[in-house]
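*Asks:* The following block contains the structure, expressed as structure tokens.
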């Protein structure tokens, strides 16, 4: 996940990471502390204050969604190449790419080299975003021609919804919120569970806990 720095930050401890306003940071772990994230910049990693950055949620990043839930969601998509990136269940801190092809969903481990670059095969990238963009026109598979395509959205649905009730996550990959919170809907292709962003976090939430709002927030 990527974030953009809103302010300059000067590290005051050995395990903190300095950055300048406008820097793009790779957020490695959002769960270390309520107020601090672990992030990487220019090959160095350390802790950064949460309130100094703005997350850049991508519609294809689903966080800690379980592999089975990813397969269920992608199997409902109509076109080959529909994909999402999730945090690996078997290797915490790593990422997996799940892609629909035919009647199956294929999973690819996103690898990283010693310099922190991401890759699937040979070509390496500075960010997951660059990897995704490259594989929109270059197959992710060596056995079939599979080009990444965004999950189909339903544009008639609202961009924002408001929480009717408190929701506390029961599983990894779910999005917690309080009654009255506004949630940015990032994917509503599943009738029961939608993906959204709230308070800088992204995750899945139950559709029946929210109501549409007729304005942007």
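Using N, Cα and C of the backbone, Cβ positions are placed for all residues, glycine too.
The ubiquitin cross-link feature in Swiss-Prot is assigned to 109; the stated evidence is similarity to another entry. Per Swiss-Prot, domain 'SH3 1' is recorded for 1-58, and the stated evidence type is sequence analysis. As annotated by Swiss-Prot, domain 'SH2' applies to 60-152, with the evidence given as sequence analysis. Residues or ranges marked as domain 'SH3 2' by Swiss-Prot on the basis of sequence analysis: 156-215. Marked as N-acetylmethionine by Swiss-Prot: 1. What Swiss-Prot records for 6, 50, 109 is N6-acetyllysine. Here Swiss-Prot flags 209 as phosphotyrosine, drawing on similarity to another entry. The annotation phosphothreonine is assigned in Swiss-Prot to 211 on the grounds of similarity to another entry.
Help me picture where these features are in the structure shown.
*Replies:* Look at residue 109 (ubiquitin cross-link): DSSP puts it in a strand. The Cβ of residue 109 (ubiquitin cross-link) has 13 other Cβ atoms within 10 Å, all protein chains considered.
The domain 'SH3 1' (1-58) scores a mean pLDDT of 86 in the predicted structure.
For the domain 'SH3 2' (156-215), the DSSP counts in helix, strand and coil order read 3 helix, 28 strand, 29 coil.
Counting every protein chain shown, the number of other Cβ atoms lying within 10 Å of the Cβ of residue 1 (N-acetylmethionine) is 23.
The secondary structure of residue 6 (N6-acetyllysine), as reduced to three states from DSSP, is coil rather than helix or strand.
Long-range C-beta contacts of residue 50 (N6-acetyllysine), restricted to its own chain and to partners at least six residues apart, with a cutoff below 8 Å, comprise 34, 35, 36, 37, 200.
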*Asks:* Looking only at C-alpha atoms, tell me how far residue 1 (N-acetylmethionine) is from residue 109 (ubiquitin cross-link), rounded to the nearest Å.
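*Replies:* So the alpha carbons of residue 1 (N-acetylmethionine) and residue 109 (ubiquitin cross-link) sit roughly 16 Å from each other.
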*Asks:* If you skip the near sequence neighbours and keep only those at least six away, which residues in the chain come within under 8 angstroms of residue 6 (N6-acetyllysine), Cβ to Cβ?
*Replies:* 21, 52, 53, 54
